[in-house]
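K.L.:
Have a look at this one.
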Amino acid sequence: MAISDEPESVATALNHSSLRRRPSATSTAGLFNSPETTTDSSGDDLAKDSGSDDSINSDDAAVNSQQQNEKQDTDFSVLKFAYRPSVPAHRKVKESPLSSDTIFRQSHAGLFNLCIVVLVAVNSRLIIENLMKYGWLIKSGFWFSSKSLRDWPLFMCCLSLVVFPFAAFIVEKLAQRKCIPEPVVVVLHIIITSTSLFYPVLVILRCDSAFVSGVTLMLFSCVVWLKLVSYAHTNYDMRALTKLVEKGEALLDTLNMDYPYNVSFKSLAYFLVAPTLCYQPSYPRTPYIRKGWLFRQLVKLIIFTGVMGFIIEQYINPIVQNSQHPLKGNLLYATERVLKLSVPNLYVWLCMFYCFFHLWLNILAELLRFGDREFYKDWWNAKTVEDYWRMWNMPVHKWMIRHLYFPCLRHGLPKAAALLIAFLVSALFHELCIAVPCHIFKLWAFGGIMFQVPLVLITNYLQNKFRNSMVGNMIFWFIFSILGQPMCVLLYYHDLMNRKGKLD
């Protein structure tokens, strides 16, 4: 008899025994004497059986009890031979589930659930301890205060930014009709895009506005600038391809053009509100709007926005206010403040990412029936810093690839130079969005982004040397959540407080 890899289970043995077992005399007699098969019963018995439900129920119970007793007897008899002491218990070479060779092939769903339970328990205790020690720190003016009314110039500036897309549309319409030459079109677009970016900067610098209002305006103006550049660059490329087709230098089928060159105000208006930074005359659309799903996302957005406000007011503000400048004073105390700030800062950043990239952009896409909703990838699994920047913000990444990185390569620049230019542009915009609302130009954000370039080289080297290694992922999480962002928060906060102290 061949020995199988696993001992035969009791259930399998029971099934096999039931197939081999012959019917007993009792069961045979019961089968032929049952009321359903008996044909020579007297009419009185039939009348008696049909007239008495209690008698029928008692007979059925007796039959069921007899069958159960037979099954139990059979089970006990099979158990004697199902797993004998002589059956081999060890049949082949096996590794422990947590050994280095098999740990990544095992499912760790239970440990993941344990981490979730521990995380909830620990954070619940910290919240209760914080409330018992400091009380409720959230002020009534957190969401809105009378000081917000002084930011009306920023609000008017935000509304006036729609003028620049309209000006770009007029330029493109004139270029389509060949009323102005191509060099003039390029110069006009440079003027329009530059003005759309520096006009809000001047408004913020001239007004003593709140930090949140300034950041909101700068982010909005940067989005408008990126959209205008994409609009101008895409139409420029489509005009060039159309000229090649008209001259007969290229065939339309070989140019990979999914749509004809057409300047439409409707397509521009849709592009301005769509959750994308890359212009094209048409986009993939969904058939309808899911109203129930949309309502659930709105509820989630409100809840997580409240969670962010709670963490900022209850945790981050007290930690920052009781800290010192990280580059001055006691190094050990500064390190403790950075580490203490890292956890709530990470929670806020994750909530912000979830609220904006998942909830808000999906809500906007659902309202506009925008089909391509790959706004991010699994950046949390990034093994290198380069992978993180390529996956965490897909709208910006697609814009960089389409309008900056590949154009640099087409002009003969090496990949390293194109990558450096991409990080340089990103660093400039990070500095604008933070330094301008703070009225501080210390280049902390610029330096933090440019510091990613050597990290890209280091993590790429480690990934090539240690295949399938998570060393790069650990370095990314440490730099991102433990060192980088908390350090920037403390640097800008103390520089901002020093500036306000000098003004007072």
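Every residue, even glycine, has its Cβ placed from backbone N, Cα and C.
OK, Swiss-Prot features for this one:
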type	residues	note
REGION	1-72	region 'Disordered'
COMPBIAS	24-41	compositional bias 'Polar residues'
TRANSMEM	108-128	transmembrane segment
TRANSMEM	152-172	transmembrane segment
TRANSMEM	184-204	transmembrane segment
TRANSMEM	209-229	transmembrane segment
TRANSMEM	259-279	transmembrane segment
TRANSMEM	301-321	transmembrane segment
TRANSMEM	348-368	transmembrane segment
MOTIF	375-381	motif 'FYXDWWN motif'
TRANSMEM	416-436	transmembrane segment
ACT_SITE	His430	active site
TRANSMEM	438-458	transmembrane segment
TRANSMEM	471-491	transmembrane segment
K.L.:
Just to be sure I understand, if DSSP states are collapsed into helix, strand and coil, how many residues of the motif 'FYXDWWN motif' (375-381) fall in each?
P.N.:
3 helix, 0 strand, 4 coil
K.L.:
Taking DSSP as the reference, which of helix, strand or coil describes the residue listed as 'active site'?
P.N.:
helix
K.L.:
For the residue listed as 'active site', what is the tally of other C-beta atoms lying within 10 angstroms of its C-beta?
P.N.:
19
K.L.:
Please report, as numbers and ranges, the same-chain residues at least 6 past the borders of the transmembrane segment (152-172) whose CB is under 8 Å from any CB of it.
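P.N.:
Distant Cβ neighbours of the transmembrane segment (152-172) are 180, 185, 188-189, 192-193, 195-196, 199-200, 203-204, 206-207, 209, 213-214, 216-217, 220-221, 224, 227-228, 231-232, 235, 263, 265, 268, 272.
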K.L.:
Mean pLDDT for the motif 'FYXDWWN motif' (375-381), as a whole number?
P.N.:
90
